[in-house]
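Taken from TrEMBL, the feature Zn(2+) 1 binding site covers Cys447, Cys450, Cys487, Cys490. The annotation Zn(2+) 2 binding site is assigned in TrEMBL to Cys456, Cys459, Cys474, Cys477. Annotated domain 'Helicase ATP-binding' per TrEMBL: 220-386, in sequence order.
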Amino acid sequence: MCPGKNAEDPRSHNRVVTGQRIRVLLPLPLAQPYDYSTTEQIAPGTFVEVPLGRRSAIGVAWDGEPDRGLPAGRLRAVTRVFDVPAMTPTLRRFVDWVAAYTLSPPGAVLRMAMSVPAALDPPAPQAGWRRADAAPAGARVTPQRAKVMALLADGAVRAGGEIAEAAGVAPALLRGMADAGLILPALLPRARRFAAPDAQRPGPALGPEQDAAAAALRASVARRAFATTLLTGVTGSGKTEVYFEAIAEALRAGRQALVLLPEIALSTQWLDRFAARFGAAPALWHSELTSRTRRDTWRAVAEGEATVLVGARSALFLPFPDLGLIVVDEEHETAFKQEEGVVYHARDMAVVRARLSGAACVLASATPSLESTTNAETGRYAALHLPARHGGAAMPDVTLVDLRRTPPERGRFLSPPLVAAVSETLARGEQAMLFLNRRGYAPMTLCRACGHRMRCPNCTAWLVEHRAQRRLQCHHCGHVEAPPEACPNCGAPHSTVPIGPGVERVLEEASALWPEARRLVMASDTIPGPAAAAAAAKAIQDREVDLVIGTQIVAKGWHFPHLTLVGVVDADLGLAGGDLRAGERTFQLLHQVAGRAGREERPGRVLLQSFAPEHPVMQALVSGDIDAFMAAEADARRPGHWPPFGRLAAIIVSAEEERAAERVARDLGLAAPGGEGIEVLGPAPAPLAILRGRHRRRLLLKTRRDIAVQPLLMEWLAKVDPPGNVRVQVDVDPVGFL
Ligand SMILES: Nc1ncnc2c1ncn2[C@@H]1O[C@H](COP(=O)(O)OP(=O)(O)OP(=O)(O)O)[C@@H](O)[C@H]1O
Ligand SMILES: [Zn+2]
């Protein structure tokens, strides 16, 4: 056959060489892979470098047939193949799956799986020295040189600095020895970057219910097949110890385990317990790692060296070659939802990744989501339950303080019953906690003279006073300004007053009431990272603190043995607003924070201050009857096909110019899909109608459960062509409705 017009003979054409065509997916917001040519066999999953425009880019050889119609002469060639384990078929399918489900470009999802391009290059080998096989005749061996030779006995290779230090010689001496032919340069063996957790170490003796649950999880892991188990149990029942046994089983099976935690920075107690159980720390994955650690971790996961990895939601996209178990702890947490970029729910995607990997998946929580509860009821998930606290500790006694009957003094926020309870607790030498899910001093600042409220210039939001830092701050966009000397509206001097409490204001009140008590505030601005969280937890554990005042940070899985009283300053706070899950959320948060009380010998008490003590959420918190509460929630959602009994997707249209957003939203409204079991709500201004200077409109698509929203959305969005200054964002299974 003669070379045709495509001139595929490399000798006649020095630019394009060929033989093979492959598809390469690039980590860019592109809808599909691009085709390239190559002279080598390149298997799908291989990391490759390719030209892209005038630059080059790193991507992954993807599955599927290249476009044969494209003339070979137009194809550009792969320029480099990386020496790193290929992306597994499982992870490639996962990228495709997440892209299709969230309606994101596959390349945008791939970017999450390639977040550390530097890890694709093998780590640079470190140079050291070894002894020459035979000392050259005439080479002088001084006592110092002899010491070095002794250190390098038996073919050892050691780093220069290390030799110099161990032998107590100057580095220059080594150079002299090398010149004399006594030692030779050599590559150091690569050190293990991650110690291996030891599955053979015995765990604690489990109680009978823990034991039964652990056995079921071990069996699930040992089957090496996909199954999801919802592990529930009252706060302090020892769920962590139970799923540790599942991790041990995965390790014994030679497979990897991934644990997702909602907030790694607040998980120091968890990490200590892991190290105590397995004799080594797990590998970690979160946004605050150094780039070096990210690189090492990514590669150690890909090479199978990191066997247990604990991470935030983005850890789902790490290159595990053989995942045997995924645990999602505190599965009800909204922190698992990523709201920027690719909008996905890590709990749900964890189940998908486990399915693709043939792995066991464990969802754990004392307050499971209605989604997971329903899946357990219908048999999609297996269910395990721990009914009692570990070690015989009792559940705390929860009572309501009716703020209409026993209100705090004017300008105060702690009612007489709560003040009395804190005083008693402190007098007994026990610890108390006051919970208010609001940062700062006051959520709103008002002018006493004209009623003007201080608001954010970029958002539909009040400015929150942070008195300690002497500033007003927007909690949505980060805008900061100094508190005004005079009202910006009427000019009245020193006329502004704070309205309502934040934790700083509760601290002020507590300082006046209990000046002797050692107080600690735990909020995201006072506990900025893992080190601060660890220090705070230690101070509480070591009884260096009497009174903890905190935001939702204090609700997260802490085990404080001496804490016996929890006071909730404003139990009604989360119920405002029209969020479909407001009740469920409030119940979960307050039940979790209540669950911090009385976890060891001494019994715990919880006081909830409320203006609506008859509200079902308050009543459920008092009775502790989660099942009844969730059943009522389910009954409320079922008839209207609200999740989990129907499907939801939100469309958020935003633009700097209000009319532009309005126009696109209206067009979307006109093009909305319809039919049986399909409903579109909106367009309507979002509750946060302006965010970071952008005007926002929302539409909500609600369908019956048996109708997939993705095809409807695709068809719908294709009918409207928004101008470049208007952003249209899709959120499948929204959890936030702002
Ligand atoms: N079998 C056991 N032996 C010894 N200690 C245990 C055992 N099980 C649990 N514990 C201890 O009991 C405490 C509570 O356990 P753990 O934190 O696992 O409960 P949990 O169910 O995860 O609680 P929460 O839902 O409130 O976070 C911890 O200090 C844990 O170390
Ligand atoms: Zn703002």
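Just so you know, glycine gets a Cβ as well, placed from its N, Cα and C.
Taking the binding-site residues Cys474, Cys490 in turn, the residue surrounded by the fewest other Cβ atoms inside 10 Å of its Cβ turns out to be Cys490.
The least crowded of the binding-site residues Cys450, Cys459, Cys477, judged by other CB atoms within 10 A of its own CB, is Cys450.
Distances between the Cα of Cys447 (Zn(2+) 1 binding site) and those of the binding-site residues Cys456, Cys459, Cys474, Cys477 are shortest for Cys456. In the structure shown, across all protein chains, Cys456 is the one of the binding-site residues Cys447, Cys456 with the greatest number of other Cβ atoms within 10 Å. Ranked by CA distance from Cys490 (Zn(2+) 1 binding site), the binding-site residues Cys456, Cys459, Cys474, Cys477 have Cys456 at the top as the closest.
Other than Cys447, Cys450, Cys487, Cys490, the residues of this chain whose Cβ falls within 8 Å of the Cβ centroid of the Zn(2+) 1 site are, in sequence order, Arg448, Ala449, Gly451, His452, Pro488, Asn489, Gly491, Ala492, Ser495.
Using Cα positions, the member of the binding-site residues Cys456, Cys459, Cys474, Cys477 nearest to Cys450 (Zn(2+) 1 binding site) is identified as Cys456. Only Cys459, Cys477, in sequence order, out of the binding-site residues Cys450, Cys459, Cys477 have a CB under 6 Å from ligand 2. Residues Cys456, Cys459, Cys474, Cys477 make up the record's Zn(2+) 2 site, and a Cβ search at 8 Å around their centroid adds Pro457, Asn458, Ala461, Leu463, His475, His476, Gly478, His479, Leu691, Arg692 from the same chain.
If you measure from the Cα atom of Cys459 (Zn(2+) 2 binding site) to that of Cys487 (Zn(2+) 1 binding site), you get 20 Å. Cβ neighbour count for Cys487 (Zn(2+) 1 binding site): 21 (other Cβ atoms within 10 Å of its Cβ, all protein chains included).
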